[in-house]
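Undergrad: This structure is in structure tokens; I'll ask about it shortly.
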């Protein structure tokens, strides 16, 4: 198959320009953070969150660069994935994860007194990267429904939001475990069994979200042993139930820490509040998605 390069007019299209913006800002962001000296500049920051932010910036920079190159040489037709769903998923998930990285990195800098010029510049560059992915999401959403694919629909966007919530729970749980182990004066009954139950619930939900996204991106819906709409409805129902339990556990942990008063470590309290906020948002996403799935099943049964 001959390689076809875009025409000159395509290099000034909004989609080309915004992806170029993503690549440049993403490269600047992780380069600035990588150039920092942790022992001097960010020695007291949470290592898990530093790794989490760097992974987000590097992963989406690499993925966006590959998408950008493939779209330029028009080679994406040979890739065994749904291209329109892949680009939409990358844009939306990149915006959501970029927002998480921007908030977490800015929180680490402000909370730990980091005021170095390069550190502040990295936080600003991360926010600019988030704006770039948000702009691509807007550009893709303005296209026709056939060009956006399933992930560009409201149920598809909810699937991405669910995956975002699960991905954010990984570093949060790891930091809670680390903070609990290093915290002094924290009763052993607080954050003990609740933590491990929540971890298991989040792990199941992340696995379900990954399976759903892989099936959609790989156009594997026809190979499922169940009708795909029933498959999605079942996953949404399970996600609602599991996140309801996880959210209740989060509020229980907040009440337990509130009873400790000044004896509760500040770091653990902040992490649990962040976990509760993310769990509540993800629960809302699963609930709305379940409503869409039930409506779709009812419409098809009456058709």
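Backbone N, Cα and C define each Cβ position, glycine as well.
From TrEMBL, for reference:
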DOMAIN    10-145  domain 'MARVEL'
TRANSMEM  49-73  transmembrane segment
TRANSMEM  85-110  transmembrane segment
TRANSMEM  116-135  transmembrane segment
TRANSMEM  194-220  transmembrane segment
TRANSMEM  232-257  transmembrane segment
TRANSMEM  277-298  transmembrane segment
Undergrad: Should anything in the same chain at least six residues away from the transmembrane segment (49-73) have a Cβ under 8 Å from its Cβ atoms, list it; otherwise answer none.
TA: 3-6, 15-16, 19-20, 22-23, 26-27, 29-30, 33-34, 38, 42, 79, 86-87, 90, 93-94, 97-98, 100-101, 104-105, 108, 126, 129, 133, 170-171, 175
Undergrad: Please indicate, using numbers and ranges, the residues of the same chain that are 6 or more beyond the transmembrane segment (194-220) and have a C-beta under 8 Å from a C-beta there.
TA: 80-82, 85-86, 89, 150-151, 156, 159-160, 162-163, 165-167, 169-170, 173, 176-177, 180, 228, 232, 235, 238-239, 242-243, 245-246, 249-250, 252-253, 275, 282
Undergrad: DSSP-wise, what's the residue breakdown of the domain 'MARVEL' (10-145) into helix, strand and coil?
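TA: Per-class counts: 109 helix, 0 strand, 27 coil.
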